[in-house]
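Worksheet: one structure, shown below.
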């Protein structure tokens, strides 16, 4: 019966071919489920020499296997038919792979060398991992990597490699007996990936969701992977980790001015510091054209390790050959990573940046400071710094441009604040009244910046914010307390607007309403913990927020993993677990476990408000 149906659907196939295929399918379907998973299907066609990994993968897409990913007998024959005709899916030109998009009129391009180098990095850092170690090394020459990412485990592990403890891995759904996770469990893991990446800082998540990862959308996954790797590399370029970075200050530059520089600029400063020390006349201002001939790299490596890395590559006239010699020198320092000769010559900015950052992280080559030289860094304002970190992530999540890396400094001209108002309540801002940033890229004149900030304060007053004593000049001058007060009320308005749009009665929620909701969720889960306000000291153990999550989705909270929170370490374990569970639910959480344990009321409110919005 099935053979007749298939013969009608695929008249171009012989009866013998159809019978052979159905017989092959039945042998592969050892459990008699009536379907195969995609990895089994791909391997079957690869083993029988019917097509390469990428060809079979594209054929599966062409026969429109449903969202479950299950390949039924009819699909299996259809895949063979597509392979027999020839697959048109990808095209490679000069190291760039063009792939079909979601519709026939859309295509996307990915860089072949970037894919290869990022996969090599992942294979290296995940080797021996108890959960995914058996899945590496992943083939660097096929699209298998994107399929391996679908269940979120590889990406979760990569996030924790870049920024340790971002994800509490106890909340992840993991394979058992090598059986692939179902789509629902994959989406839960991918929620953790997306929402954790949003909270890492320095990562833009505006066009990728959990479903895109599940569907294996290559250009989106590769873009996310690059940002995660980049975040890990640049996160170590920090004066608190490397006080010797103080040596890079230029004449008449203050430490405060230096600390405002984004990490990429500090890397370029570091590169040029060594070139100058080597009496080399050239400088670098980018990670593309200025390094493409390999000369500056040759001098940098020689300066970092003269006994191992000579300047001999400068005598080589062929740039590709010189690039290879540069990387051979880097190999002597155990730093041949991310970059290839062709990527260097092509001036690939991502791979060059990764190479230089890795070089800095392993061989900074800066003399340690003695006691007299150590700079006086402002005392750490825990409350203010924690809030500034969360507010930075929140503002960046609104897709403001340029993105913020130095909270107080980046808000001084008022433009980001005004963009945020317009994102929260569209058409609030009359842009004709706003002073634009100079086209030259220079800093806006102070009086114009103050005018913008005055406008931002006025808009806040119109929204009923409490801004007594706050003027635009306070924002322009970088007043920490007053800037935080304004941005907090903007974020609070954003939370209440979101909840207002979701509530049936359309009621604007007060803090006490949110506290009551949290208490009701904790009670619903059968737990007795309650709080009086977002300042309640009992929040510090982390147990209350877990009880709230248990009330929302009881199966997500395993109380065997919950401690009494009696010590700071145990409380942080609880808080970290709660944050990852919230992200698994789909909540966008920007705070750190320490914010819950320290009972920072504004940040606890953000946590509860984000749960209410799920």
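Residue 1 is the first one shown; counting continues down the chain.
Yeah, the Cβs are placed from backbone N, Cα and C, and that goes for glycine too.
Swiss-Prot annotations:
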- 29, 31, 35, 40: Ca(2+) 1 binding site (BINDING)
- 66, 68, 70, 75: Ca(2+) 2 binding site (BINDING)
- 16-50: domain 'EF-hand 1' (DOMAIN)
- 51-86: domain 'EF-hand 2' (DOMAIN)
- 112-233: domain 'Calponin-homology (CH) 1' (DOMAIN)
- 261-364: domain 'Calponin-homology (CH) 2' (DOMAIN)
- 385-495: domain 'Calponin-homology (CH) 3' (DOMAIN)
- 508-614: domain 'Calponin-homology (CH) 4' (DOMAIN)
- 98-368: region 'Actin-binding 1' (REGION)
- 369-614: region 'Actin-binding 2' (REGION)
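The stretches the domain 'Calponin-homology (CH) 3' (385-495) and the domain 'EF-hand 2' (51-86) do not meet in space: the count of Cβ pairs below 8 angstroms, excluding pairs fewer than 6 apart in sequence, stays at fewer than three. Of all the binding-site residues in the record (68, 70, 75), the one with the smallest CA separation from residue 31 (Ca(2+) 1 binding site) is 70. Taking the binding-site residues 29, 75 in turn and counting surrounding C-beta atoms within 10 angstroms, the largest count is reached at 75. With respect to residue 68 (Ca(2+) 2 binding site), the closest of these binding-site residues in Cα terms is 35, chosen from 29, 35, 40. Residue 68 (Ca(2+) 2 binding site) falls within neither a helix nor a strand when secondary structure is assigned with DSSP, and so counts as coil. Here the domain 'EF-hand 2' (51-86) has Cβ contacts under 8 Å with residues 2, 5-6, 9-10, 12-13, 17-18, 21-22, 24-25, 34-38, 40-42, 45, 100, 139, 142-144, 147, 183 of the same chain, all six or more residues outside its ends. Taking the C-alpha positions, the distance from residue 40 (Ca(2+) 1 binding site) to residue 70 (Ca(2+) 2 binding site) comes to 10 Å. Secondary structure at residue 29 (Ca(2+) 1 binding site), as computed by DSSP, is coil.
The Ca(2+) 1 site, placed at the center of the C-beta atoms of 29, 31, 35, 40, has further neighbours from the same chain whose C-beta lies within 8 angstroms: 28, 30, 32, 33, 34, 36, 37.
Reduced to three states, the DSSP call for residue 35 (Ca(2+) 1 binding site) is coil.
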